[in-house]
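Here's the structure we're looking at; comments come further down.
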């Protein structure tokens with residue numbers, strides 16, 4: 001294979017770049033997918049059981065309120081911290097808090113004292129803010145403009161495979177405990193093992209200035225930012241009309257988890273079946289993300305048209321799914337829900353099938369909705385530094401919504417009211433996203449914010465990136 005670096009001009013020879021080199025966007029997105037498979041993927045499986053596997057939702061709801069309150073703050077700050085610290089330190093610090101949270105639930109299983117769980121939840125909110133800001137920057141800025149939907153769906157599939165595997169942990173470990181109301185210790189220990197692996201794996205993520213796209217461009221020309229710069233830029237986001245149009249979608253995108261996990265999965269199904277349901281809930285997310293990724297990247301030549309079609313498809317399917325949820329919700333309420341002995345089991349045949357399909361469909365909708373929003377964010381800019389702030393803002397608002405949602409459930413708000421609120425929030429977000437795509441998404445990728453113009457000189461590859469490419473050359477020459 002020919003040389004990839006023009007030593008005199010410091011320019012990449014794009015004809016010889018491989019998708020599978022270590023510093024390629026493809027490999028780095030796969031790696032961040034595996035990190036999220038192990039940490040938030042397992043956390044999702046744990047949360048999806050309702051009450052984090054406990055019969056009483058109180059400790060879990062209070063911990064989640066603390067979690068998403070700090071998440072809202074550090075989600076917004078996370079983009080700036082990512083630009084200052086780089087991905088490795090940001091991700092390692094964030095991932096380690098997931099292990100602590102699972103450990104706190106193991107402690108609660110023996111003591112039923114919720115103080116440690118709430119503190120661990122607050123710390124997890126800080127860590128999750130850091131992790132998801134880094135993840136958002138990587139997922140939206142590393143891929144080329146015409147394949148962002150594909151890379152987002154690839155990430156979402158790997159990430160949600162964690163929820164699938166995580167759902168098997170409580171299903172298998174509690175399979176013979178048909179009448180159990182709380183999971184056993186082995187369930188929490190299994191989650192801790194996976195989360196620890198993800199924490200170690202996070203150090204394999206490269207800084208965006210070392211990542212080289214197939215067209216020879218780097219994801220940012222900035223080595224590290226500063227606190228003063230990031231503070232100013234983060235404050236500007238609250239006056240940025242693009243971000244303001246995303247606020248309803250961001251608020252809605254985690255608001256519905258509380259309803260789906262506690263008031264559908266936990267309210268209708270027994271313990272072992274809740275674990276099985278989560279296997280399919282997160283599996284549905286893999287299908288939904290691939291479906292939306294294909295529409296957003298390949299349905300039409302115009303990127304703007306693809307965005308509008310994607311929003312339209314999600315809006316139609318989302319309306320149908322929430323309509324099905326309303327039909328089921330009218331059959332039961334907080335005051336009139338199945339007793340423990342009457343909870344559905346996966347062996348109950350037709351009685352199980354309808355509610356199961358509904359819960360599966362909620363998983364489809366979650367992935368389609370969030371993949372759609374991430375695609376829109378990724379289409380607004382092309383530089384990792386800018387997109388880390390955009391992604392952090394999205395996660396911050398999203399987490400503020402989640403914090404409110406967990407407390408809404410703690411205050412025993414009727415199930416029907418929660419469903420209507422969720423349906424309304426997602427519905428309001430669609431026309432605002434349409435406006436954003438019409439006004440801000442360009443078909444010419446060279447005009448995207450943070451993207452070098454086509455007549456600009458090709459970006460030079462930093463010396464630190466040369467080593468990765470040179471190593472690849474030597475191994476393939």
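Even glycines carry a Cβ here, placed using N, Cα and C.
Given the ranges 398-419, 420-441, the record in TrEMBL names 420-441 as transmembrane segment. Listed ranges 26-46, 215-235; the one TrEMBL annotates as transmembrane segment is 26-46.
237-259 is the stretch from 115-134, 237-259, 356-380 with the greatest number of Cβ pairs below 8 Å to the transmembrane segment (420-441). Two recorded stretches are said to be in contact when at least 3 C-beta pairs lie under 8 angstroms, sequence spacing 6 or more; the transmembrane segment (356-380) and the transmembrane segment (237-259) meet this definition.
Beyond the transmembrane segment (155-175), the same-chain residues lying 6 or more positions past its ends with a Cβ under 8 Å from any Cβ of the stretch are 29-30, 32-34, 36-42, 44-46, 48-49, 53, 135, 139, 183-184, 186-187, 190-191, 194, 271-272, 274-283, 285-286, 289-290, 293, 367, 370-371.
Sequence-distant neighbours of the transmembrane segment (187-206) (same chain, 6+ residues past either end, Cβ-Cβ under 8 Å): 22-23, 28, 31-32, 34-39, 41-43, 45-46, 53, 87-88, 91-92, 94-96, 98-99, 102-103, 105-106, 109, 134, 138, 162, 165-166, 169-170, 173-174, 468. Same-chain residues lying 6+ beyond the ends of the transmembrane segment (115-134) with a Cβ under 8 Å from its Cβ atoms: 32, 35-36, 39-40, 43, 59-60, 62-79, 81-82, 87, 90-91, 93-98, 100-101, 103-105, 107-108, 205, 388, 391-392, 395-396, 399.
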